[in-house]
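Visitor: Annotations for this protein, taken from TrEMBL, read as follows:
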- B:31-65: coiled coil (COILED)
- B:76-132: domain 'Potassium channel' (DOMAIN)
- B:169-243: domain 'Potassium channel' (DOMAIN)
- B:6-29: transmembrane segment (TRANSMEM)
- B:80-99: transmembrane segment (TRANSMEM)
- B:105-125: transmembrane segment (TRANSMEM)
- B:159-178: transmembrane segment (TRANSMEM)
- B:184-208: transmembrane segment (TRANSMEM)
- B:220-244: transmembrane segment (TRANSMEM)
Amino acid sequence: MKRQNARTLALIICTFTYLIVGAAIFDALESRMETTQSLELHQRKAGLLKTFNLSTEDFDELEKVVLQRKPHKAGVQWKFAGSFYFAITVITTIGYGHAAPSTDGGKVFCMLYALLGIPLTLVMFQSVGERINTFVRYLLHRLKKCLGMRHTEVSMANMVIIGFISCMSTLCVGALAFSHFEGWSFFHAYYYCFITLTTIGFGDYVALQNKHALQTKPEYVAFSFIYILTGLAVIGAFLNLAVLRFMTMNTEDEKRDAEHRALLAHNGLAGGHINCSVDMASSSSTTPSGCGGGSAVGGSGGGAASRGLQNVYAEVLHFQSMCSCLWYKSREKLEYSIPMIIPHELSTSDTEAFSNPFQSNGCVCSQQHHSGISSVSTGLHSFSTYRRLNKRRSSI
Amino acid sequence: MKVQNIRTVSLILSIVFYLFIGAAVFDALESESESSRKKALEQKLNELKKKYGFSEDDYREIERVILQSEPHRAGRQWKFAGSFYFAITVITTIGYGHAVPCTDAGKAFCMFYAVVGIPLTLVMFQSLGERINTLVRYLLRKAKQGLGFRETEVSMGNMVLVGLLSCASTLCIGAAAFSHFEDWTFFNACYYCFITLTTIGFGDFVALQKKDALQKRPPYVAFSFLYILVGLTVVGAFLNLVVLRFIAVNSDQPEPPVLAVSCISFLLVPVTHTREQHRSTENTSWFLPELQHGRFSFLKSLQSIF
């Protein structure tokens, strides 16, 4: 099975298992408390009905009024400050629900607003996060130099540790602030910050809902907004560092498969017989260009020597693709260790095979081919691995 | 200034601007309705208080009971079905808040659960979304071949169109289903599906909260869970197709270009390598026409969409 398919299937199974295990644990933790609370509330309600001589319809009416009044009790929610707060909860997808549009026009605008705002916000936070990471990497590098350490390179582990520490401190700073301003316990304030900054946003704890803060305490309002946005940037930086590379894994693999197929086609044109079986388990369901095209054209060129080299090269490709997982994790290290020489010897036409091994992303064949790219990749105009490809093109 | 910094600053400014605009429009749309509703509710409340002779303390007690009973009214929230629903809202970050952990242990576990679950889910949806996109691309190419088109290559524009259509149909199917099962209007059900699939999850509309559905209607429960997960996959596939390329993978490579909005600045400032800042060689030619190929093909891809 293709690696991407196996990976996707494994992830799906993992997630479902995770959901089931989580459900069981939440059940165990909360069910009993729920039953007790439910019983108690039932009793209190019965007591109230008797004390005030209310019928169930009366109570239902009261209930409706009380529930509808809930957002209003917390203050004016739709003046500018409140609307700004709401807009933040929409485009960051936090979505507390402490205030939700009640008019149809508001709902429609909310949907349109989210449609454009959410991708914009995603890109913005990732952009800011990447800048933060670069800056931190630079500072750490200078620090290491200053301290006179031998290895001044900043490793991934360094960055992850720093990212983790900054996330924790962001949460703690927020917890301190909100526990002070909102009168929550530190743990509850921490829980609030966590639920907010992961954009889950239950709405059980919401800032700026006490004592009409939205209208009467502008500095606290400004602090809350800035905290939410900055906190999300810090979390975004950590996600950008640690998680994003895994989100692009399938796409990168697909591109590499396409490049391999194209490279093999190219080499087949130049050197005759193509070792199709080299296409390691990644059976191309999408394109026939790799093996078929080559063998059709293959002539008497090359010889045993080039075939031998091709086999060795195929082995390297095989190794690389099998180790893509490792490759992603230690991309920096692998770049320096995979021998870059082999494609250079194989190439018959391109002298510019690779200009700078340190800049290659480990994809040894990306320098050489500019034709016969499978249709899989035509739709993929992503530039991270194709920019070197584009460098080779004289006309676009 | 480096192009990445310019890009980042312009993104920040656009977001702040976008927030201000949004706030103003929401204010205009909702403020009046809010104050009139508030007045009406206060009146109603005073009437009721007088009718039943409540004191302030009495009323506060009643209010407390009613507010605390709210989640219980919708049924058992923490049996297995309800907990599964809750777990979904946590790891997908939808977070309705229709049921929240009351115990401190529940809250703590919720946080740990989210720390592992959210990245796992993000990666899973993107992974599955990419597989779906690849399959669609393959099917579309076969369809084009079958229909005898001259150009059988699947362009980005084709993919974006198909993506938009699938998102729209997912929304409509969900709206039809939930408006039937939950007795909402089609518009409200649409609004619910949208808010759910964008993971905003206000909680003003929540499925499976009527007539004890979580315990009594397992097929409907299964449908809701599947709908949420499949819908998020479809949206994730679309995001993978359109938005992911604009997100800079951290500094191992030069960043891909961003939005059409910052296209112009991008044209004027050359791309620099972000990876090794201390090794970067910055060209400082600020004028055209040293177009880098990466930039140029980005413009081309934009053309193919429109």
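Just so you know, glycine gets a Cβ as well, placed from its N, Cα and C.
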Visitor: In the domain 'Potassium channel' (B:76-132), how many residues does DSSP call helix, how many strand, and how many coil?
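Guide: The counts are 41 helix, 0 strand, 16 coil.
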Visitor: The transmembrane segment (B:6-29) and the transmembrane segment (B:184-208): do they have three or more Cβ pairs under 8 Å, with pairs 6 or more apart in sequence?
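Guide: These two stretches do not touch.
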Visitor: Among B:6-29, B:159-178, B:220-244, which stretch has the highest count of C-beta pairs below 8 Å with the transmembrane segment (B:80-99)?
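Guide: Stretch with the highest Cβ contact count: B:220-244.
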Visitor: Give me the mean pLDDT over the domain 'Potassium channel' (B:169-243), rounded to a whole number.
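Guide: Averaged over the domain 'Potassium channel' (B:169-243), per-residue pLDDT gives 94.
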Visitor: List the helix, strand and coil residue totals of the domain 'Potassium channel' (B:169-243) as derived from DSSP.
Guide: 54 helix, 0 strand, 21 coil
